[in-house]
Amino acid sequence: MAALVKQLGLADYASTYEAMQAFTKARTSETLDEIWVLEHPPVFTLGLAGDAGNLHSPSNQISLVQVDRGGEITYHGPGQIVVYLLLDLRRLGIFVKELVSRIEQAVIDTLADFGVQAERHPGAPGIYVSQQSRVPPEWVGAKIAALGLKVSKSCSYHGLALNVATDLEAFKRIHPCGYEGLKTVDMQTLGIKDNMDTISLRLLQHLQKQLIPS
């Protein structure tokens with residue numbers, strides 16, 4: 001069964017979060033899976049494992065939203081591709097650990113298409129610039145994509161965020177994923193000049209390859 005892809009543009013975080021919860025609560029075994037592709041206005045989100053103290057420099061212009069996904073604190077804002085994966089894992093025949101691995105692989109494959117070598121870090125969900133990547137040394141090991149999920153009754157929501165041309169200064173206000181000193185980078189800083197639409201399309205293709213049975 002294919003997934004319905006929705007391009008939502010720039011969407012308020014709180015209302016999108018409520019819509020994800022409502023969709024997941026209302027869905028049945030016959031409900032079509034959906035993939036939402038969007039950007040958010042600036043917002044910090046704090047996951048279930050989060051410590052509000054990891055927002056060490058609060059901003060009056062950027063709100064903090066407590067959410068029910070796994071993980072710690074992160075930032076969303078314009079120039080970041082956010083993909084929410086509303087999937088029936090039972091129907092796909094996978095568990096959450098496998099889902100995480102497949103999402104990570106889709107991001108790694110996408111970045112490779114644009115000349116950035118990236119990798120997983122055990123125990124720290126997300127994608128990081130690898131030593132094999134031809135980038136300035138200060139960006140080796142920097143986080144370029146975040147991942148956080150919630151699974152309810154075998155159905156997932158939340159998803160991933162890939163930094164393309166993001167306000168990296170906002171990340172300096174937090175300890176990303178709870179790690180003090182963790183650098184965050186975007187594709188533009190690494191010299192990738194392709195536009196958001198091109199990168200988004202490629203990411204979507206890799207996600208569908210990994211997650212949607214042919």
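Here the Cβ of each residue, glycine as well, is placed from N, Cα and C on the backbone.
Noted in Swiss-Prot for the protein shown:
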ACT_SITE  Cys177  active site, acyl-thioester intermediate
BINDING   Arg69, Gly70, Gly71, Glu72, Ile73, Thr74, Tyr75, His76, Ala146, Leu147, Gly148, Gly159, Leu160, Ala161  substrate binding site
DOMAIN    29-214  domain 'BPL/LPL catalytic'
SITE      Lys143  site 'Lowers pKa of active site Cys'
Other C-beta atoms that fall within 10 angstroms of the C-beta of Gly71 (substrate binding site): 23
Max CA-CA distance, Å, over listed substrate-binding residues Arg69, Gly70, Gly71, Glu72, Ile73, Thr74, Tyr75, His76, Ala146, Leu147, Gly148, Gly159, Leu160, Ala161: 16
Per DSSP, three-state class assigned to Tyr75 (substrate binding site): strand
Assigned element (helix, strand, coil) containing Arg69 (substrate binding site), judged by DSSP: coil
Listed in sequence order, residues with CB under 8 A of Gly148 (substrate binding site) and six or more positions away: Gly47, Arg69, Gly70, Gly71, Thr74, Pro125, His158, Gly159, Leu160
